[in-house]
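Per TrEMBL, these features apply:
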{"type": "TRANSMEM", "residues": "20-44", "note": "transmembrane segment"}
{"type": "TRANSMEM", "residues": "56-75", "note": "transmembrane segment"}
{"type": "TRANSMEM", "residues": "81-99", "note": "transmembrane segment"}
{"type": "TRANSMEM", "residues": "111-129", "note": "transmembrane segment"}
{"type": "TRANSMEM", "residues": "144-162", "note": "transmembrane segment"}
Amino acid sequence: MAIEPIVIGGIPVPDSRPVFLAVLGVHVLAGTVCVIAGATAAFFRKRRGPHPRAGRVYYLSFIVVFVSLATLSVLRWPANTHLLIIGTIAFAAAAVGVLARRRRGWNWPRVHGAFMGVSYIGLLTGFYVDNGPNLPLWRELPPASFWVLPTIVGVPVVLIALRRNASSRSASSGSRRDPSRPPRPE
């Protein structure tokens, strides 16, 4: 049986088999939830409430994205190998970020923020590498830009967020500290 490509919503889909399309549908839905939840977690203050709730949704939806990516990669092996590599790195970064938060070891807020930022950049990189050639404006860019633009834009944003979060933590913790007592080691 020959695998026939189709076009859905103006975007070419390389495989028309029902199992591929079903897994792709789950992947797209989970990826959309992941992008929205990740942006939401990044936007809110890093305390109880919306940030951890959105972070949990991000990580759980990323699990679905990764499992569906692995399934799609097996169905199209070896054509999606590069996407599987990007997804594996991004998912591993998210897992490290979640573990840093749960274990609360040395400097955990920075480790958590940095790795979650890397995972979000990887998520967007995978999306643009796969879909950039079919998106308005993006299709005008050279193919290498799909690989590097998410990092070029994302790394400074993550660094600014890490700096801002660190300064807000030290400012708030410093204001409650008794000046007669030495500072606690971090």
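Note that the numbers count up from 1, one per residue, in the order the chain is shown.
Note that Cβ sites are derived from N, Cα and C of the backbone, with glycine treated the same way.
Those TrEMBL annotations? Automatic predictions, nothing curated.
Beyond the ends of the transmembrane segment (81-99), by six or more residues, the same chain brings 58-59, 62-63, 65-66, 69-70, 72-73, 111-116, 118-123, 125-126, 129-130 to within a C-beta distance below 8 angstroms of the stretch.
Sequence-distant contacts of the transmembrane segment (144-162) (same chain, six or more residues past either end, CB-CB distance under 8 Å): 42, 110, 113-114, 117-118, 120-121, 124-125, 128-129, 132-133, 138. Through the fold, the transmembrane segment (56-75) approaches residues 15, 17, 19-20, 23-24, 26-27, 30-31, 33-34, 37-38, 40-41, 81, 83-84, 87-88, 90-91, 94, 98, 116, 119, 123, 126 of its own chain, all at least 6 residues removed from its boundaries and within a Cβ separation under 8 Å. Long-range contacts of the transmembrane segment (20-44) within its own chain (CB-CB distance under 8 A, at least 6 residues past either end) are made by residues 13, 50-52, 54-55, 57-58, 61-62, 64-65, 68-69, 71-72, 75-76, 116-117, 119-120, 123-124, 127, 161.
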